[in-house]
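*Asks:* The structure's right below; bear with me while I get my questions together.
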Amino acid sequence: MTTLVLASASPRRHELLATLGVQFLLDTADIDETAVPGEVPLTYVQRMAREKAATVVSRRDDGFAVLAADTTVVIDGDILGKPRDHFSGLGMLARLSGRTHAVITALCLQRGDAVWECDVSTRVTFLTLSREVCERYLATSEPWDKAGGYGIQGLGGALVSSIEGSYSNVVGLPLAETWQLLAAHGVATTLGGLDE
Ligand SMILES: Cc1cn([C@H]2C[C@H](O)[C@@H](COP(=O)(O)OP(=O)(O)OP(=O)(O)O)O2)c(=O)[nH]c1=O
C-alpha cells in the first residue's frame, strides 16, 4: 500500500486534499521560487511543482507517493507570485482590476523515479477596483501568502465578478484533476468512501 505525502505548507491545499477523503501525511519543500529569465508561466509552475515533489521524495523511501502543486496568476504573459510588499500588492491589484487573468496550477505526483504531471487553468475576471478598495483590501492579512495578492475564498471573492473553470484550482488544488491523478496511478482508490 502506498502512503501519500502532500508536499505543501499551504493550509488551503491541506483542506482541499482532506475534502477528497484520502489519507495523507504532510511534509514541506522549501525551494527557490525564482523564475528563470524568459521562462513562460506554464513551464515555471510545472518546474516548481516538480521541484517540490522531488525534494520531498528524496527524503522518503519507495513506499511513499508525493503530491506537490504550484499555483500562479498570469496576466499579459507575466507571472504574478505572492506580493513582496504593499507596493507590489497594489501594483498586482491595479493590473487585475477590470480584466480577466488566468490562474494556473501544476500538479506533480512522484513515486520513486516515476513522475506524473498535469496542469489546470481557470479564467478569473475582476471588477474594476478603486484605489481605495485596493488599499483597504491590502490592509487585511489576505494578500500576502497568495499568488496575485488575493484570495478568492475570502474577502478577495468580493473582487471577482466571474470565473470560468475550476474554483478549487484558484484556491491551489484542483479537486477533480487531483482525484483523477491519484486514482490513475493507484495512490487513492476511494473518494470519500466511494470506489473510483
Ligand atoms: C489566486 C489565489 C491563490 N491562492 C494561494 C494558493 C497557493 O497556496 C498560493 C500560491 O503559492 P504556491 O507557491 O503555489 O503555494 P504555497 O507557497 O502557498 O504552498 P506550498 O508551496 O508549500 O504548497 O496562493 C489562494 O489561496 N487563493 C487565490 O484566490
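Heads up, the Cβ atoms here are built off N, Cα and C, so glycines get one too.
Features from TrEMBL:
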- Asp70: active site, proton acceptor (ACT_SITE)
- Arg12: site 'Important for substrate specificity' (SITE)
- Thr71: site 'Important for substrate specificity' (SITE)
- Gln153: site 'Important for substrate specificity' (SITE)
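For each feature listed, report its degree of burial, its nearest neighbours and the pertinent distances within the displayed model.
*Replies:* Less than 8 angstroms from the CB of Asp70 (active site, proton acceptor) sit Val45, Gln46, Met48, Ala49, Lys52, Thr105, Ala106, each of them six or more residues away in the same chain.
Packing around Arg12 (site 'Important for substrate specificity') is summarised by its Cβ count: 18 other Cβ atoms lie within 10 angstroms of its Cβ, all protein chains included.
Counting every protein chain shown, the Cβ of Thr71 (site 'Important for substrate specificity') has 26 other Cβ atoms within 10 Å. Look at Thr71 (site 'Important for substrate specificity'): DSSP puts it in a strand.
A coil conformation is recorded for Gln153 (site 'Important for substrate specificity') in the three-state DSSP classification, outside any helix or strand.
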*Asks:* As a test of the contact definition, list every same-chain residue at least 6 positions from Gln153 (site 'Important for substrate specificity') whose Cβ is closer than 8 Å to its Cβ.
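*Replies:* Non-local contacts for Gln153 (site 'Important for substrate specificity'): Arg12, Val171.
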